[in-house]
């Protein structure tokens with residue numbers, strides 16, 4: 001980590017803390033998205049390389065088949081191409097140019113694909129899903145996409161509709177809590193849902209799963225690594241027989257990768273090196289707050305910068321999210337909050353209002369850490385450093401990466417600011433920085449003119465579409 005004046009605070013945290021960690025007393029219900037180990041726009045790619053590992057039944061990676069420059073080279077149906085161009089996709093991103101020739105090949109083969117946040121993973125698997133559909137069976141479910149949250153499922157549903165807007169006869173439906181009536185049947189060709197709801201609908205025979213062709217898991221590592229979601233994904237997989245299983249995520253920790261390979265056997269694999277996982281367009285910074293209470297005071301000082309574009313504040317606990325939202329609202333600021341205790345319809349409304357700019361600041365838990373794409377987001381604040389599970393003992397690099405990936409999407413520039421206030425939070429952030437080999441910029445809370453200049457420079461470069469390095 002480095003200060004804005006290029007000095008390092010590494011000496012301050014080089015020695016491991018000898019203080020004893022106090023046992024966490026957090027109530028499970030207060031924490032969203034904690035992991036319990038189980039055992040559209042024009043894309044501008046950054047400087048990273050995609051490693052392709054082909055399964056035994058695949059051909060030679062050096063063949064022209066495995067590298068394309070245009071969507072037309074892939075033989076994609078004209079109606080899908082029209083949808084891509086309408087969404088302003090000009091040419092395949094790196095993940096798309098490597099993945100799509102393999103995804104669209106016949107016979108269909110499985111894939112485990114990893115790429116940075118905001119590089120076009122969703123479009124890659126949506127193109128695949130649309131290309132596999134048999135339109136002579138318009139009321140037969142043929143593709144199933146699972147996501148860890150209702151918000152992400154709704155977003156993927158929207159991407160399917162957008163890319164498929166010119167595909168005649170396409171039907172898409174969300175299978176999330178509250179979206180399907182008790183005795184109603186789900187007859188859409190493409191179903192996007194959360195694992196528990198989909199499992200229940202298949203068990204009740206509300207979904208005819210007999211002719212499914214494709215099963216896709218978005219944010220696959222997160223779902224396979226959580227006890228509940230992992231079990232549900234396995235149950236859903238056991239209920240259907242498909243030709244192709246696709247696992248997509250920005251991260252695949254080593255402890256999850258073996259499970260992913262079992263879930264999607266004999267898969268082609270696309271991976272990134274660990275130090276290439278962070279998006280270069282996200283300028284990662286941190287602030288040394290005086291204490292836990294002082295974090296809120298720093299947050300209030302940052303508010304003017306947060307509303308230049310729009311911002312997401314990530315906290316660990318639901319009550320923290322609600323408390324911050326209440327305080328900021330009482331002080332006259334227009335903010336919104338969303339977490340797992342909200343009813344589904346209310347969560348949908350809050351997120352849509354944020355997308356439309358009715359609130360410029362959203363306070364949330366890890367329920368929105370993954371996959372959510374709101375193009376106007378120029379800043380992410382880690383009010384609480386992400387920790388694994390429900391403990392305060394081990395930092396969570398993967399969640400950190402997904403959180404900050406809510407900005408800097410599709411080649412844009414964004415800012416992430418992490419709050420630290422004691423040895424434990426310093427050490428946690430330092431471990432995350434070492435994990436990804438990144439150098440964080442320290443913002444000086446004693447010189448707000450300098451801090452504002454640094455942050456504004458990045459945010460305004462993003463809004464102007466320039467490729468500025470802070």
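Yeah, the Cβs are placed from backbone N, Cα and C, and that goes for glycine too.
From a predicted model like this one, the values you see are computed outputs, not experimental measurements.
Within the set 40-68, 69-97, 98-126, the record from Swiss-Prot flags 69-97 under the feature motif 'Q motif'. Per Swiss-Prot, the range carrying the annotation motif 'DEAD box' out of 210-213, 214-217, 218-221 is 218-221. For the domain 'Helicase C-terminal' (281-459), the model's average pLDDT works out to 92.
Each residue in the motif 'Q motif' (69-97) gets a DSSP state, and the totals come to 16 helix, 0 strand, 13 coil.
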